[in-house]
C-alpha cells in the first residue's frame with residue numbers, strides 16, 4: 001500500500017473513530033429525562049442561591065450595619081440545601097454544586113458530557129438567583145450581595161486551604177450518606193447533607209464566607225462585578241471535593257467489583273512478569289561467556305503485555321448528592 005493510500009485510510013479511520021467517540025460521550029444526552037435533570041439543577045441552584053445569599057443581607061444598611069448573625073446564615077444555607085436535595089434529588093441527583101459534579105465525574109458516577117451541562121445549568125441558576133435577589137432588595141441595604149471574600153488578615157493560600165477543608169467534609173458526607181452499599185443509614189440523607197453545609201458555614205464564615213460551592217460564589221460575583229480572589233472559590237472546593245470522593249470511593253469504601261477487577265489485574269501482571277523473568281533466565285543460559293565479553297551492550301526486550309485486556313463493568317449509576 002502506498003503512503004498516500006495509507007494516509008487516506010488513516011484519515012478516514014481517525015475521523016470515524018473521533019465521531020464515534022463523541023457519540024458515545026454524548027449518549028443519553030438528547031433524552032427527556034436528561035433535560036429534566038439539567039432543568040432541575042438549574043432551578044435548585046437558583047432557589048438555593050436566592051434563599052441562602054438572601055440571609056446574608058445586612059438590613060441595617062452601610063451606615064448602621066447589624067452584627068453578622070452566623071447562626072442565621074448557617075441554618076439558612078443548610079436548611080435550603082437540605083430542602084433542595086429532598087425536592088430534586090430523585091430527578092437529577094441533587095448536585096447543586098459544580099464541585100460535587102466534578103467529584104462525581106472523577107469517581108465515574110456520571111459522564112463528562114452530562115457534567116458539562118450540569119455545571120452550566122448550575123452557574124446560570126446561580127446568576128439568575130442572585131439577580132432576582134438584587135432586584136427585590138432595596139439599594140440602601142444590598143451591600144455586597146453576599147459576595148464571598150477572604151478575610152483581610154488571611155492570605156489567598158489560607159483561604160484556599162479553608163475552602164478545601166470545608167468542601168472535603170461536605171463531599172465526604174455526601175458520598176458516605178448516599179453509599180448504596182451501606183445498610184446502616186436510616187436517617188434523612190438530605191438532612192445530613194444540610195447539617196454538613198451548616199457546620200461548614202459556622203466554621204468558615206469569618207475566614208472565607210464559607211462558599212463550598214463555586215456556583216454560590218459565581219452568581220453574586222457576576223451581578224456585582226466583584227472578582228477579588230474569585231479563583232479560590234473554584235480551585236479550593238473542586239480540590240476538596242475530588243479528594244473526598246476519591247478517598248471514599250477508592251480507599252475507605254471501594255466497590256467490591258472494582259476491588260475484584262484490580263486484584264485480577266495485579267495477579268495477571270504478576271504472572272506475566274514472572275513468566276518474563278523465566279524466559280530471560282532460559283535465554284541467559286544459552287549465551288556464551290565470550291558473547292558477554294564481546295557484546296556488553298546487547299539488551300533483550302521481552303514483551304510482557306500480551307495478555308488480553310478484560311473490560312470491566314461501567315459503574316455509571318447516579319448518586320444522590322448535593323451542594
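For all residues, glycine too, the Cβ spot is worked out from N, Cα and C.
Straight from Swiss-Prot, the features:
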TOPO_DOM  1-36  topological domain 'Cytoplasmic'
LIPID     13  S-palmitoyl cysteine
LIPID     17  S-palmitoyl cysteine
TRANSMEM  37-57  transmembrane segment
TOPO_DOM  58-69  topological domain 'Extracellular'
TRANSMEM  70-89  transmembrane segment
TOPO_DOM  90-93  topological domain 'Cytoplasmic'
INTRAMEM  94-101  intramembrane segment
TOPO_DOM  102-115  topological domain 'Cytoplasmic'
MOD_RES   111  phosphoserine
TRANSMEM  116-136  transmembrane segment
TOPO_DOM  137-155  topological domain 'Extracellular'
CARBOHYD  153  N-linked glycosylation site
TRANSMEM  156-176  transmembrane segment
TOPO_DOM  177-184  topological domain 'Cytoplasmic'
MOD_RES   180  phosphoserine
TRANSMEM  185-205  transmembrane segment
CARBOHYD  206  N-linked glycosylation site
INTRAMEM  209-222  intramembrane segment
TOPO_DOM  223-231  topological domain 'Extracellular'
TRANSMEM  232-252  transmembrane segment
TOPO_DOM  253-323  topological domain 'Cytoplasmic'
MOD_RES   276  phosphoserine
MOD_RES   285  phosphoserine
MOD_RES   289  phosphothreonine
MOD_RES   321  phosphoserine
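Mean pLDDT for the topological domain 'Extracellular' (223-231) in the predicted structure: 96.
Spatially, the transmembrane segment (156-176) is adjacent to the transmembrane segment (185-205); three or more Cβ-Cβ distances between them are under 8 Å for residues at least 6 apart in sequence. The largest share of C-beta pairs under 8 angstroms with the transmembrane segment (185-205) comes from 70-89, of the ranges 37-57, 70-89, 116-136, 232-252. The recorded positions recorded for this entry are 111, 153, 180, and the Cα of 153 lies nearest to that of residue 206 (N-linked glycosylation site). Distance between Cα atoms for residue 153 (N-linked glycosylation site) and residue 180 (phosphoserine): 43 Å, as a whole number. With DSSP classes pooled into helix, strand and coil, the tally for the topological domain 'Cytoplasmic' (90-93) is 3 helix, 0 strand, 1 coil. The recorded positions under consideration are 153, 180. Their Cβ neighbour counts within 10 Å are lowest for 153. Counting only the Cα atoms, the space from residue 180 (phosphoserine) to residue 111 (phosphoserine) is about 19 angstrom. Remote same-chain partners of the topological domain 'Extracellular' (137-155), defined as residues 6 or more beyond its termini with a Cβ less than 8 Å from a stretch Cβ, comprise 52-54, 56-62, 130, 162, 206-211, 216-217, 220-221, 223-224, 226, 228-229, 232-233. Between the listed recorded positions, namely 111, 206, the fewest other CB atoms within 10 angstroms of a CB are found at 206.
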